[in-house]
Amino acid sequence: MNPNQKIITIGSISLGLVVFNVLLHVVSIIVTVLVLGRGGNNGICNETVVREYNETVRIEKVTQWHNTSVVEYVPYWNEGTYMNNTEAICDVKGFAPFSKDNGIRIGSRGHVFVIREPFVSCSPTECRTFFLTQGSLLNDKHSNGTVKDRSPFRTLMSVEVGQSPNVYQARFEAVAWSATACHDGKKWMTVGVTGPDSKAVAVVHYGGVPTDVVNSWAGDILRTQESSCTCIQGDCYWVMTDGPANRQAQYRIYKANQGKIVGQTDVSFNGGHIEECSCYPNDGKVECVCRDNWTGTNRPVLVISPDLSYRVGYLCAGLPSDTPRGEDAQFTGSCTSPMGNQGYGVKGFGFRQGTDVWMGRTISRTSRSGFEILRVRNGWTQTSKEQVRKQVVVDNLNWSGYSGSFTLPVELSGKDCLVPCFWVEMIRGKPEEKTIWTSSSSIVMCGVDYEVADWSWHDGAILPFDIDKM
């Protein structure tokens with residue numbers, strides 16, 4: 001066979017192989033179309049079966065592919081349904097970490113907002129961290145002077161719980177230097193307070209749209225909770241204060257449905273002071289543990305019924321939970337009166353557990369450092385000092401700050417009771433540290449059926465930043 005014949009032979013064989021390969025592909029495609037196109041194929045080919053087990057819990061999506069089943073659980077919530085939130089608070093033995101955002105550590109090199117007053121609130125499908133920005137980023141010149149509480153640059157924004165308050169994932173909620181937010185099962189409602197001290201306005205948003213307003217009625221820094229409001233069967237409740245921070249002020253409870261205010265009532269509390277309430281649903285009512293910035297080192301308690309009737313007093317426990325405060329041994333509790341004669345204060349929280357109470361407080365008696373939560377037997381109804389449990393969340397070598405409450409709804413947790421949760425703000429920068437800015441990160445804890453060991457989930461950022469050295 002001469003060279004030309006060899007070339008022709010090899011070429012013919014190659015062409016034959018190519019044609020054979022093409023025919024195999026064509027046959028494969030035809031067989032696949034015929035098999036997948038059949039109806040009633042006994043479930044052995046690609047088929048999706050959707051079974052709704054409970055309209056408020058999940059859809060079970062089963063995909064069967066050549067006798068191999070893949071089960072994917074898809075969270076499902078009927079957005080036309082209100083959350084109930086009339087269940088009791090779960091009885092818990094300790095609190096386990098839920099999330100930590102590490103915002104300041106990340107912000108040394110990332111695009112993270114300068115914030116204060118972070119808080120958490122949950123819908124039937126997710127929890128979000130809300131926070132008040134200063135309209136500036138960490139490690140940037142506009143962070144200078146952000147120790148100031150109220151400015152036209154402050155806004156309420158939110159991210160999924162656990163995310164840092166960063167530029168790329170944050171969602172705008174309202175223009176605000178004081179705020180609250182909650183979900184009724186259908187949409188988010190936010191209340192953002194902004195404007196001048198003497199004529200501040202609270203703008204109610206529902207589903208992201210302004211729906212109502214509350215104007216300052218006392219002309220002295222209208223303000224609200226700085227934590228989650230509370231929705232029960234479609235109605236949402238929150239508490240507002242207008243008046244002095246260091247003497248008698250005025251207090252109101254508001255009730256809204258789909259972002260429209262449908263009721264309000266003044267709280268009569270002569271001699272007592274209410275600010276920055278931390279509220280949660282329990283047994284069909286709203287229970288709030290607040291801040292007395294006037295005299296008391298015990299915390300005001302406000303229990304709100306759906307008809308806006310209320311009971312107001314103080315947390316009975318014989319242990320103080322505000323800061324600054326005196327020695328535990330020298331404190332005598334009261335269910336009706338402020339005790340301790342210490343001005344100023346810090347936002348805090350408590351949870352009723354039957355007649356017991358879980359109460360959070362800074363470890364330091366004089367500064368916002370460290371954080372612990374105590375369970376006091378009969379502390380909701382009596383001046384008891386009996387601690388049955390204590391858990392450290394931030395050690396006393398590290399800064400803390402505000403703290404507040406929220407609950408996991410049964411639609412989210414799958415339990416038949418409301419899981420009690422709390423967050424602790426960890427303030428960094430001015431006035432305690434040598435920076436030009438003030439900001440914070442947070443740790444979030446939720447109740448569990450087990451005791452949890454003490455540890456310190458502190459902020460951990462190394463200061464000062466580059467901007468502070470310029």
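Easy rule for this one: first residue shown is 1, then count along the chain.
Any Cβ shown, glycine's included, is placed from N, Cα and C.
Here Cys290 is paired by Swiss-Prot through a disulfide bond, and of Cys277, Cys279 its partner is Cys277. The disulfide partner of Cys421, as annotated in Swiss-Prot and taken from the candidates Cys335, Cys446, is Cys446.
Together with Asp292, Gly296, the Ca(2+) site in Swiss-Prot holds one more listed residue from Asp283, Asp307, Asp322, which is Asp322.
Swiss-Prot records a disulfide bond between Cys229 and Cys182, which is the match among Cys182, Cys279. Candidates considered were Cys335, Cys417; the recorded disulfide partner of Cys90 in Swiss-Prot is Cys417. Note on proximity: among Asp292, Gly296, Tyr402, the recorded positions of the record, the Cα nearest Arg150 (substrate binding site) is that of Tyr402. Between the alpha carbons (Cα) of Asp292 (Ca(2+) binding site) and Arg368 (substrate binding site) lies a span of roughly 16 Å.
The residues near the Ca(2+) site, meaning same-chain residues not in Asp292, Gly296, Asp322 whose C-beta sits within 8 angstroms of the mean position of the site's C-beta atoms, are His273, Arg291, Asn293, Trp294, Thr295, Thr297, Asn298, Arg299, Pro300, Tyr314, Pro320, Pro338, Gly340, Gln342, Gly345, in sequence order.
Counted with DSSP, the region 'Involved in apical transport and lipid raft association' (11-32) comes out as 22 helix, 0 strand, 0 coil.
A Cα-Cα distance of 14 Å separates Glu276 (substrate binding site) from Gly296 (Ca(2+) binding site).
Asp322 (Ca(2+) binding site) and Arg116 (substrate binding site) are 19 Å apart (CA-CA, integer value). The shortest Cα-Cα distance between Tyr402 (active site, nucleophile) and any of the binding-site residues Gly296, Asp322, Arg368 is the one to Arg368. Neighbour counts were taken at the CB atom with a 10 A radius for the binding-site residues Arg116, Arg150, Arg291, Arg368; the maximum falls on Arg291.
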